[in-house]
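Here is what Swiss-Prot says about this protein:
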type	residues	note
BINDING	Cys35	heme c binding site
BINDING	His86, His187	heme b 2 binding site
BINDING	His100, His202	heme b 1 binding site
TRANSMEM	32-52	transmembrane segment
TRANSMEM	90-110	transmembrane segment
TRANSMEM	116-136	transmembrane segment
TRANSMEM	186-206	transmembrane segment
Amino acid sequence: MGKVYDWFEERLEIQAIADDITSKYVPPHVNIFYCLGGITLTCFIVQVATGFAMTFYYRPTVTEAFASIQYIMTEVNFGWLIRSVHRWSASMMVLMMILHVFRVYLTGGFKKPRELTWITGVVLAVLTVSFGVTGYSLPWDQIGYWAVKIVTGVPEAIPIVGSSLVELLRGSVSVGQSTLTRFYSLHTFVLPLLTAVFMLMHFLMIRKQGISGPL
């Protein structure tokens, strides 16, 4: 094993990278509330893992979606646990995100030179809420159906472009298969990809600028 490590060390300088990560200065004023962002990241990772597991059994069609959820909950080994963890971690992610935003705002972490870090954080907050909106509809039960109908109907109040926006969100004039397909694609591909990109930007800026000082 030593020779294998030395081979990689010679080419990648793993020890230097590890030293840089572990030797970063942490200000003395940092407390447990500064961990809220990391907890949010942990919830996102749990979401990705459990969500990926459910894609093996979930069927994104209006006729089979609800039945596939029932199958996951009653027939798949530990399916009930995987889906429950997915739901619990989703709620936890939203809660931790809100608390993290409050902590950053109250401690002035959005001020110069960290404006871009704050902006990427706001984008991540919007993406987090979008996860909730799109994921809520996927079981395609009565609650999910009417939630989608209400949410996608909101833009209709916008003058001129309202009807076009509603049709864009739904995929057609009314809520149906096209709507479920779009929400499933957003929830499982578009939103996770955007979230991963903005999280990377967010953490790289935090790494570069360090943790903000006390007020």
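Quick reminder: no glycine exception, Cβ is built from N, Cα and C everywhere.
Note that the structure is a prediction, hence the values are computed from the model and not measured.
Annotated features taken from Swiss-Prot, shown on the structure.
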{"residue": "Cys35", "record": "heme c binding site", "CB count, 10 Å": "14"}
{"residue": "His86", "record": "heme b 2 binding site", "CB count, 10 Å": "18"}
{"residue": "His100", "record": "heme b 1 binding site", "CB count, 10 Å": "23"}
{"residue": "His187", "record": "heme b 2 binding site", "CB count, 10 Å": "21"}
{"residue": "His202", "record": "heme b 1 binding site", "CB count, 10 Å": "21"}
Excluding the flanking five residues on each side, which residues at least 6 beyond the ends of the transmembrane segment (186-206) place their CB within less than 8 Å of a CB in that stretch? 41, 44, 48, 51, 55, 114, 116-117, 120-121, 123-124, 127-128, 130-131, 134-135, 138
Rounded to a whole number of Å, the separation of the Cα atoms of His100 (heme b 1 binding site) and His86 (heme b 2 binding site) comes to 20
Taking only the binding-site residues Cys35, His86, His187, which one has a CA atom nearest to the CA atom of His202 (heme b 1 binding site)? Cys35
Let me know the DSSP-derived helix, strand or coil state of His86 (heme b 2 binding site), please. helix
Which state, by DSSP, holds His100 (heme b 1 binding site): helix, strand or coil? helix
